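Written out below as structure tokens is the structure these notes cover.
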Amino acid sequence: MSDNIEKISESMAKLTLKWLSAEDEFPDVRKHNNHMAKVLNLEMYKKLRERVTPNGFTIDGVIQTGVDNPGHPFIMTVGCVAGDEETYEVFKELLDPVIEARHGGYKPQDKHKTDLKSENLKGGDDLDPNYVLSSRVRTGRSIRGFCLPPHCSRGERRAVEKLSVEALDSLSGDLKGKYYALKNMTEAEQQQLIDDHFLFDKPVSPLLLASGMARDWPDARGIWHNNNKTFLVWVNEEDHLRVISMQKGGNMREVFSRFCTGLTKIETLFKERGHAFMWNEHLGYILTCPSNLGTGLRAGVHVKLPNMSKHAKFEEVLKKLRLQKRGTGGVDTAAVGGVFDISNADRLGFSEVELVQMVVDGVKLLVDMEKRLEKGQSIDDLMPAQK
Amino acid sequence: CLKAIMPFGNTHNNFKLNYKVEEEFPDLSKHNNHMAKALTKEIYGKLRDKQTPSGYTLDDVIQTGVDNPGHPFIMTVGCVAGDEESYEVFKDLLDPIISDRHGGYKSTDKHKTDLNFENLKGGDDLDPNYVLSSRVRTGRSIKGYTLPPHNSRGERRAIEKLAVEALTSLDGEFKGKYYPLKSMTDAEQEQLISDHFLFDKPVSPLLTCAGMARDWPDARGIWHNDSKSFLVWVNEEDHLRVISMQKGGNMREVFRRFCVGLQKIEEIFKKHNHGFMWNEHLGYILTCPSNLGTGLRGGVHVKLPKLSTHAKFEEILTRLRLQKRGTGGVDTASVGGVFDISNADRLGSSEVEQVQLVVDGVKLMVEMEKKLEKGEAIDSMIPAQK
């Protein structure tokens, strides 16, 4: 190796690049509409650019996706991500206000409650299957000690996969299943997973791509599901783990019960191997996107509401019930044939049981309203108070 | 939290060293690009703890090649430079790639730069019934700044500022105007699209995976002269892309304007103590190793409906050291028998030599086309390997 290279490689401290000022570097987010752009200012940027997490994640890493994706006038995206657990602490001056704006006024000193005891849910086993076509609960989990998808290296990602597969392979009973690594899937396996609506694709959303989550695709990514196809885990997509419980029909109680049992078992298996999930009493479960903090939970149904969805007060009812609607393709898709995806709007500041309760109670009410409207009757007396 | 070591140290690169080479080494088993062919575990192990003065690492160099496995028929490069020093710090990987891509170019070879347009012979008489337009482009990187995969917003803005100062001081046939992408009016945008000048936010994953589209459209823009025959792109895939073009077959004039304009721009940059990145081994330093040397692509849009369907078309192109593309540029198909024909080489021959190959080669191919139109054979015209 020449003297020249040796000198260059020797030490980071001898970097010679002249560092430009905060004003020179500050992103132009004047026309941007996302939470990061609304919160970030020059003084904050000046302060935060001098910090780095222990794993080397910087403020520019946090905000890149929000700079690259100006957003939409009607949809407020988050515009920032965490690269590791420490991001939420090191860059709290930015992330606390983003969290507050996104999570209904959640304050830096607030405490988040975790409740994964499915017995605490009231009812939920009798949503009318003529209207409620399917029920699903998902969340994410991050494994402490590893960087998150925007920042992790191939070695880390593979270690997360290895640990996850070991844990999942030791599940038994109705949770017994199999792992399908994306990179060695056969054509037949791939087709089956597509037909089951289990297969996840390489991200195409610029929101995800700009944050670096698709690097090295499909290395160390995969899908695990149980033999009954009611419990599914995505490995290394937008989070280390995405855990999904689902089934046809309206028995949300059963879906949630399987969800809690499965999650708790997985957590125990990880702990036995010396790895906990990232969690703290302020932010609950730590995930890549600040919008998924707390429970990371989205519980929802595909429900037929052709009349209700055209009612002038549909949006208002959803808001009062603390629910949101999506098309049946998931986030940013349109409803087809009057069938909507209705789920909890909140993630942080409420427990899992509380959120699923809102879905169960809210959907029950929406279906009652739909039935009224079918008969040409009014629904004014059914209007809920703000939850 | 840690206080960042300013200028930045690459903490994450050191953190990765906790994992073994085998654990971090990318899976390139299904890949077909130059990087995948050249990268071994030994090279990876040797270079993975290194970084350039600006903090660019081996994983950064190769990311685009890991993310884009390539195509069985098209051999992409699969790596980029983040700064001038990348080519030195990571030479154990980049030298074999450069050799493979640039016809066996050795790490000891010297590259010749010749921007004296008078040295070109002929080139003013390509038949305009066949040669519809002529164009020469190259790229330039400004010394002292890192390259598009790695540069910060502040650096990119400084490059834009310098570029605009240099360009707006040009006069005569080079007098023109700069249109920053982010403050373009709708009317200006329409006009630039009609003129085929506007460049879009990169969608090619080859570019986006290398980080070149970050902060778009901040500090990106297009400058062109009033006659619309000299055009500069600022902060797209390279700091500067310089293009000279016009309708018809007068490549000599296009090349003259190209050389004169480039040299004027270079003088102005030098005055500000920011010359272009260049060295006597690799010539002009650009982001993609495929553009080293001259960075020059001189080409024409030419009607070759008969010749292009001839069995020996590909062979003729190879012997003439030319390549064909569709009229939309790289990775597009030809339309109506009109092809984009340009030099295949970039490194190891000079600008004049490369444009000479285009001029002579296109002249020959037009003559072949004419023969084929008359139903005559072209066997006696097949050239020797240049």
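Each Cβ is built from the backbone N, Cα and C atoms, and glycine gets one as well.
A TrEMBL annotation is a machine prediction, not a hand-curated record.
The domain 'Phosphagen kinase N-terminal' annotation in TrEMBL covers B:16-103. Residues or ranges marked as domain 'Phosphagen kinase C-terminal' in TrEMBL: B:130-372. Look at TrEMBL and you will find B:133-137, B:His196, B:Arg241, B:297-301, B:325-330 tagged as ATP binding site.
Distribution of TrEMBL features across the structure.
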residue: B:Ser133; record: ATP binding site; DSSP class: strand
residue: B:Arg241; record: ATP binding site; DSSP class: strand
residue: B:Gly299; record: ATP binding site; DSSP class: strand
residue: B:Arg325; record: ATP binding site; DSSP class: strand
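Cβ environment of B:Arg241 (ATP binding site): B:Arg137, B:Thr138, B:Gly139, B:Val232, B:Trp233 lie under 8 Å away, each six or more residues apart in the same chain. Taken as a whole, the domain 'Phosphagen kinase C-terminal' (B:130-372) shows an average pLDDT of 93 in this prediction. For B:Ser133 (ATP binding site), the same-chain residues that are 6 or more apart in sequence and have a Cβ closer than 8 Å to its Cβ are B:Met245, B:Gln246, B:Lys247, B:Gly248, B:Val300, B:His301. Remark: secondary structure over the domain 'Phosphagen kinase N-terminal' (B:16-103) totals 42 helix, 6 strand, 40 coil, with classes taken from DSSP. All protein chains included, B:Val136 (ATP binding site) registers 26 other Cβ atoms within 10 Å of its own Cβ. Take the binding-site residues B:Gly299, B:Arg325: by the count of other Cβ atoms within 10 Å of each Cβ, the lowest one is B:Arg325.
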